[in-house]
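As structure tokens, the structure follows; a few thoughts come after it.
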């Protein structure tokens, strides 16, 4: 039994996929068949929301003349996302949807950064989270388009200057492309976070095996260790870039729904 337990532990440490496994942190059997549990993904999403509130509280100036570092950082992110939204949509309508898009950016960014902490959990590496976001956003943009334009919203599927003979084929292609937004938006975020964390896990295990093989190999292992540190910095950049790409595409989908192009 102990050997089996030892083998299970070894498999968990060496497998790069086990870090993404959803586990119950707290499980309660309530009345009847009712089962209440807190999973690691729910726990870390809650932590992300908590950090979001804390950061906003820390950025409040309380009528101080000189802004603190938290406030300056928040204002920089605010200005960046505001510029993206107003340029993608337009200055007037962009103001309406900016609070949602800014909150979406901070939510994704914080959860991406939490996933970079060792022994934590990358919530945005799970397709159930990213697809829930992407399906909701595309559905909301579609409802917005129908609410504003009615059946004229279907003109979004008709390319400008399309020959009449090719119209059925091109409309079908545009329709499939529109439906693919549900998948591509969430897939891009989860795949980038997932692949980066898997590569870091594999490189870390490889470096650990080298550095524990002897004194000579310990110094040789400093080379891949330096690469891991550099790659971790790159992953931090990817955490910001993927959050920004997500909101840029979201702004584009809202613009398509509003302007039909």
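Even glycines carry a Cβ here, placed using N, Cα and C.
Residues annotated as transmembrane segment in Swiss-Prot, with sequence analysis given as evidence: 38-58 (among others).
Sequence annotations record features per position, and here Swiss-Prot assigns transmembrane segment to 96-116 (among others).
Here Swiss-Prot flags 126-146 (among others) as transmembrane segment, drawing on sequence analysis. Within the chain carrying the transmembrane segment (126-146), a Cβ under 8 angstroms from the stretch's Cβ atoms is held by residues 20, 22, 41, 45, 104, 108, 111, 153, 156, 181-187, 189-190, 246, 250, 253-254, 256-258, 260, all 6 or more beyond its ends.
Beyond the ends of the transmembrane segment (153-173), by six or more residues, the same chain brings 142, 145-146, 256-257, 260-261 to within a C-beta distance below 8 angstroms of the stretch. Per Swiss-Prot, transmembrane segment is recorded for 153-173 (among others), and the stated evidence type is sequence analysis.
Here the transmembrane segment (191-211) has long-range neighbours at 13-14, 16-17, 19-20, 112, 115, 122, 124-125, 217-218, 220-222, 224-225, 227-228, 231-232, 235, 238-239, 242, meaning same-chain residues at least 6 beyond its ends whose C-beta is under 8 angstroms from one of its own. Feature annotation from Swiss-Prot assigns transmembrane segment to 191-211 (among others); the stated evidence is sequence analysis.
What Swiss-Prot records for 214-234 (among others) is transmembrane segment.
Using a Cβ-Cβ cut-off under 8 Å and counting only residues 6 or more beyond its ends in the same chain, the transmembrane segment (235-255) has close neighbours at 80-81, 84-85, 88-90, 93-94, 97, 101, 104-105, 108-109, 112-113, 115-116, 124, 133, 137-138, 141, 144, 181, 185, 188-189, 192-193, 196-197, 200. Marked as transmembrane segment by Swiss-Prot: 235-255 (among others).
Among residues of the same chain six or more beyond the transmembrane segment (38-58), those with a C-beta under 8 A of the stretch's C-beta atoms are 22-27, 68, 70, 74, 106-107, 110-111, 114, 120-121, 123, 126, 128-129.
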